[in-house]
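**Q** Annotations for this protein, taken from TrEMBL, read as follows:
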| type | residues | note |
| --- | --- | --- |
| REGION | 1-28 | region 'Disordered' |
| DOMAIN | 34-98 | domain '4Fe-4S Wbl-type' |
| BINDING | Cys35, Cys65, Cys68, Cys74 | [4Fe-4S] cluster binding site |
| REGION | 102-121 | region 'Disordered' |
Amino acid sequence: MLQPSPPHESPWSPAGPAQPSHRDLAGPWHSEAACRRDEAGLFFAPSQEPTAARLSREQAAKSVCARCPVLIECREHALLQPEPYGVWGGLTAAERRVVLSRRRRREATSGGRQADITRIA
């Protein structure tokens, strides 16, 4: 799987070979990602970014994610890692924390059955 990326660094940068995920057995999902064709800065916040600029940038990144053929795989990766920075799978880091928190509560009340990662709420 891809390693978490610090701010300002693209998850697609040549930092070394990625560890294979279950999807990688059929081919790396990230090679099909729509964000590979977009500027990485759209998905990761610059230092001290003003709130209005951050919200605008995140919305633009989410619109790229919305048309991505591997949205589910990307979201799964970001939730399972968990990715601490950037927009992944159409979710910001804060939104992913909420999803993970809800998932943990759901799993605790459902006897530990795994929650559906495609379901956000």
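The first residue you see is number 1, and the count goes up from there.
Cβ from N, Cα, C; glycine included.
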**Q** Are there any residues at least 6 positions away along the chain from Cys74 ([4Fe-4S] cluster binding site) with a Cβ closer than 8 Å to its Cβ? List them or say none.
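**A** Same-chain residues close to Cys74 ([4Fe-4S] cluster binding site) (Cβ under 8 Å, separated by 6 or more) are Trp29, His30, Ala33, Cys65, Cys68, Trp88, Gly89, Gly90.
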**Q** I want the residues beyond Cys35, Cys65, Cys68, Cys74 whose C-beta is within 8 angstroms of the mean position of the [4Fe-4S] cluster site's C-beta atoms, in chain order.
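**A** Once Cys35, Cys65, Cys68, Cys74 are set aside, the remaining close residues are Ala33, Ala34, Val64, Val70, Leu71, Val87, Trp88, Gly89, Gly90.
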**Q** Taking only the residues in the domain '4Fe-4S Wbl-type' (34-98), give me the average pLDDT of this model.
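**A** So the average pLDDT across the domain '4Fe-4S Wbl-type' (34-98) works out to 92.
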**Q** For the domain '4Fe-4S Wbl-type' (34-98), what are the DSSP-based totals of helix, strand and coil residues?
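**A** Secondary-structure composition of the domain '4Fe-4S Wbl-type' (34-98): 39 helix, 2 strand, 24 coil.
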**Q** Around the Cβ of Cys68 ([4Fe-4S] cluster binding site), how many other Cβ atoms lie within 10 Å? Please give the count over every shown protein chain.
**A** 18
**Q** Among all the protein chains here, how many other CB atoms are within 10 A of the CB of Cys35 ([4Fe-4S] cluster binding site)?
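**A** There are 22 of them.
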